[in-house]
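Enquirer: Structure below; questions to follow.
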Protein chains: 2
Amino acid sequence: AAQEAAVRAQAEAVRRLKQDKADPDEIAKEVAKLLQMKAQLGGDEGKPKFVLKTPKGTRDYGPKQMAIRERVFGAIVSCFKRHGAEVIDTPVFELKETLTGKYGEDSKLIYDLKDQGGELLSLRYDLTVPFARYLAMNKITNIKRYHIAKVYRRDNPAMTRGRYREFYQCDFDIAGQFDPMIPDAECLKIVHEILSDLQLGDFVIKVNDRRILDGMFAVCGVPDSKFRTICSSVDKLDKVPWEEVRSEMVGEKGLSPEAADRIGEYVQLHGGLDLIERLLQDPKLSQNKLAKEGLGDMKLLFEYLTLFGITGKISFDLSLARGLDYYTGVIFEAVLLQQENEHVEELVGVGSVAGGGRYDGLVGMFDPKGRKVPCVGVSIGIERIFSILEQRLEASEEKIRTTETQVLVASAQKKLLEERLKLISELWDAGIKAEMLYKKSPKLLNQLQYCEDTGIPLVAIVGEQELKDGVIKLRIVATREEVNIRRESLVEEIRMRTSQP
Amino acid sequence: AAQEAAVRAQAEAVRRLKQDKADPDEIAKEVAKLLQMKAQLGGDEGKPKFVLKTPKGTRDYGPKQMAIRERVFGAIVSCFKRHGAEVIDTPVFELKETLTGKYGEDSKLIYDLKDQGGELLSLRYDLTVPFARYLAMNKITNIKRYHIAKVYRRDNPAMTRGRYREFYQCDFDIAGQFDPMIPDAECLKIVHEILSDLQLGDFVIKVNDRRILDGMFAVCGVPDSKFRTICSSVDKLDKVPWEEVRSEMVGEKGLSPEAADRIGEYVQLHGGLDLIERLLQDPKLSQNKLAKEGLGDMKLLFEYLTLFGITGKISFDLSLARGLDYYTGVIFEAVLLQQENEHVEELVGVGSVAGGGRYDGLVGMFDPKGRKVPCVGVSIGIERIFSILEQRLEASEEKIRTTETQVLVASAQKKLLEERLKLISELWDAGIKAEMLYKKSPKLLNQLQYCEDTGIPLVAIVGEQELKDGVIKLRIVATREEVNIRRESLVEEIRMRTSQP
C-alpha cells in the first residue's frame, strides 16, 4: 500500500510537470521513474506483485521427494522399533520460558510467535527440550521413546547442503537411572544400524565425554568460568582449522596462549581403546577427578561396543565438543566420509548426519523440586540424508513410483462411465488400489499412456461384449498381454499379479 | 524480571518504614504486601515460579495416544492410497500475505510469527491454501494428492470434545479440468470408506452446493452484497436454532424479515434425488441460472453415488453452508450420529468429522496470470475421531501395546551382561525387535514382570549351562512354557512364534 501511494504521488508529480509545461527532459525523466515504479508493482493496474514462494529456508516436498522421505523414515522407524522404543509427540510451539536458558549461544536462533494476547510462545528448537519438559510435567522417570518431527532455527540456510530453517529431527532417547554406559552404547549401535541400512557410504562416529573435556580444560589451565565458552570454540574444529580456533580462544575469549597450546595438543588426539588407556596413564589428566570418571566410562563404553562389533566405525576424538549447553557426559557425532567414486584422495568429512549424548540435568531444570532424570539420546539429521539420496536418485535416472495403484479401470468404447464407476467401486471395496480417468469417454490410448507415465502395472478394460460375457479384459502393461478374467475372479487375479515377492 | 524489581522496591519500602520507626500497623500492612508479592513469585528466593504446561489449546501425545493415532492414520492413509493419491508436504508457516484474504471472518484466528527481521510469517490455518499456493508456484494443473499435517487456529479450545488450537488435518484433493462431478463423487466415496472403516458408529454426509445457496439467496431477495455474510449465518444452523440465525440475519445483518422467512423455508429441506427433482421444478429456483446449474450437478452427483452404493448415508441438505470463503460448487460435511448404546431417543449430531467441497477459484488467486485450476477435496478432522476412540478405549480397559518388541533378552544368573549384549546384538542384526534391562545383574523376576507390563511375548534367557550347551532358553510369557533352542535356530524360532497370522 505504501508503494502504491508512492506511485500515485509520482504520477501526480508527472501530471503537474506536464501541466506546468516543464522541461521535456525533466518530464521524460519523471515518466521513466513512474514506469519503473509501476513495473516494480507488477503491472499497469498498480496491483502489488504477489511473491509466490515458501518462506526463506523452507521448502515443499513434492511426491518424488516424499517417496524418498518415506523410505528414509521407514528405515529409521523400523530401527527405533527394533530397539523397543515407544513414540510420543509434542506441540510445535512451547511456552517461550520453556526454551529459555537451554541452548546457550544458539538461543538467538529461536523463532518467537507474535504476542496476539495470551501466552508468549516459541517454535521448538529441537526435540530434546520438549522431551525433558514432557518427562517433568508427567513425572515420568523411565521411558525409551522416539519422536520424529520438524524443528525450527533462524539460521543461515544452505539448502543444497541440506541446511534448512524448518527441518526434521528423528530422536531416540532413553530416560532412567541405569547402570553406566549400557543405554549409551545402545544409542551408538542405533546410529551404526541406521547409517549402515541407508547405504550412504562410509562413515565414522566420533565419541567424547563432556567430563573429559572439562577435565582437560582444567588441567590445561582454563578458568572454570570459561569452560563453556572455550568448549564452544573447540566445537568449531570440524569446520575451521586449529589456528583460527586458537586465535578465537586467545583473542576474543582471553585465554592464555599457554593454556590454548596445551588444549591444542589434546584436541588432535583420536583413536580407540589404546588412546583411552594412554590417557588414563596421562600424568595430568589422571589426576583430575572428572576426566578420570569420563575416561573410565569411555573404556566401559568401548567394551560394550566391542561386544556389538561396531568399534571399527567409532573414533574416540578429543576435538569433539558439541554446541549445546545441556550435555553432561558422553557426546557423539556421526560424519559421512567422502564417497570414493568422487575421486578425491583425502577422506574429507561432508558433514554430520547424527549426533547426541547424555544430558542428566535437563529434566531437573523443569522439575519443581529439581529431581533429576538421567537421559541419553541420539538425533538423526535427516535433511542432509535426503539431499544425498535426492541427488543420487537424480543422477541415476531411476524412475520412482509415487503411488501404489495396482490397476487402472479403463474402457475401450464411449459411454461406459457408469460401468467403470461400478467396477472401480467394487475394487475399492475389496481393498484394491485402483484409479480411473475422470472423463466421460476417455480414449484408450490416453488411458494406457497414463499407466506408462505413473507405473500402474495393470489395466482392467470394460467393454460391451465383455460385459455381456461377464468378463473383464485385464491387460498387463509391461508385456501388453491381455487376458479375459471372469468378473468374480478379478480381485483375486489383481492381487496375485501385483503381490510383492 | 519486572515482578522481581517490584518485589525489591517493596522490600526497600518496608526497610525504610522500619528504619523510620513508622506506625507498626503500616509496617505490618506493607510486610503483608511484600509477602504476597513474594508468594506470587513462587518461593522465598524470589525465583519466578515456572509453569510446567503445554501452550493453551495444545497437548502432548503419549505412547498410548500415539498408538491410537497411528491406527487412525493407517486407516486414512490406506484409503487415500487405494484411490491412487500421491503425497506432498509444505512448511508449517507461510508468508503472511499467502493466507491474506482467503478465510473471510476466520482470518482473525491466524497465528502470526513475531517480526524478528526478514519475512512476515503466519502458521498455516488449513492445508488447502498451502496446496493452492503449491500448485500455482509449480504450475501444476493436474494432481491427486493427500497431505496429513498439523494446522493452527487461535480459537477457543474445547479439548474434551477434540477442539484444539493445534490439530491434525488429513486432506485429499483432486486438481484438474475434468468432466463434472466425477472427482466430487470420489471425495464422498472416500469419506464413506474412512468413516465405515473406523467404526465410529452411524453417520450422515450432508451435501449442498454454493451455487444452489447463492441462487436460493437471490430468489429469496438477498442483495448480492450480502450473499457471503448471510451464508455465514446459515452456516451456524448446525449449532444454533433457526430463530437465532434469523434474528442475526435481520438484526445484525439488516436483511428484510420477508427474505429471512423465505430462506427459512428452504433451509429446512433435506432429502435425496426426490428433493433435487422437486427443486428443479420449483417455480422460483428453476428460473435462477446458478441454482439450476447447481441442482443439475447435484442430480448427476447422486447418480454417481448410487453407482457407488452409498446414497443411504448421503443427505442433500439446504442448510449446509460451510464457513470458508473459497468454495465455489459442491460442499459437504460428515456428521457422526449419537451412539445407540447411549440410550438417547433422538439422533443428535455429535459434530462434524469431515468436510470439504469444490474451490475452483483459489489457485487462480495465486497465479500471476489468474489461470484457474479447478479443485475439489475433503479434509478429515482427526482430533474428534481421536477423542472418541480414546474415550472408548479407556472405557473398554482393553490393554493397548505401545511397542512391538518380540523378545526380551534376559539372564537367570548375575554377571551375564556381556552375554546378553552379545545375544541382543545378534538379534537386532537379524531384524528381531528385542529389548533388555539396562542393569548389570537384573533379577529374573523383574525381567519377567517387565514382559507382563509391556506385553512382550517371549523371553530369551541366557544361562551358564545353556551357554555351554550352545542353547538359549526361550520362555513363552503367556503360557510360562520354556523350551531350549539351539542358538543358530533362535532367530527363526522367534520369527515363527511372533508372526502375525
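Just so it is clear, glycine is given a Cβ too, placed from its N, Cα and C backbone atoms.
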Enquirer: Given that TrEMBL assigns A:Asp126, A:Leu127, A:Thr128, A:Gln169, A:Asp173, A:Arg322, A:Tyr326, A:Tyr327 to the L-histidine site, pick the one from A:Arg153, A:Arg154, A:Arg161, A:Arg163 that the record assigns to that site as well.
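Expert: According to TrEMBL, the candidate sharing the L-histidine site with A:Asp126, A:Leu127, A:Thr128, A:Gln169, A:Asp173, A:Arg322, A:Tyr326, A:Tyr327 is A:Arg153.
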Enquirer: Based on the record's binding annotation for L-histidine (A:Asp126, A:Leu127, A:Thr128, A:Arg153, A:Gln169, A:Asp173, A:Arg322, A:Tyr326, A:Tyr327), what whole-number value in Å is the widest Cα to Cα distance?
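Expert: Largest Cα to Cα distance for the L-histidine-binding set is 21 Å.
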Enquirer: Determine the Cβ neighbour count for A:Gln169 (L-histidine binding site): the number of other Cβ atoms within 10 Å of its Cβ.
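Expert: If we count other Cβ atoms within 10 Å of A:Gln169 (L-histidine binding site), we arrive at 18.
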Enquirer: Going by DSSP, give the three-state secondary structure for A:Arg322 (L-histidine binding site).
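Expert: Once the DSSP labels are grouped into three classes, A:Arg322 (L-histidine binding site) ends up as coil.
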Enquirer: Are there any residues at least 6 positions away along the chain from A:Thr128 (L-histidine binding site) with a Cβ closer than 8 Å to its Cβ? List them or say none.
Expert: A:Asp171, A:Asp173, A:Leu324, A:Tyr326, A:Tyr359, A:Leu362, A:Gly377, A:Ser379
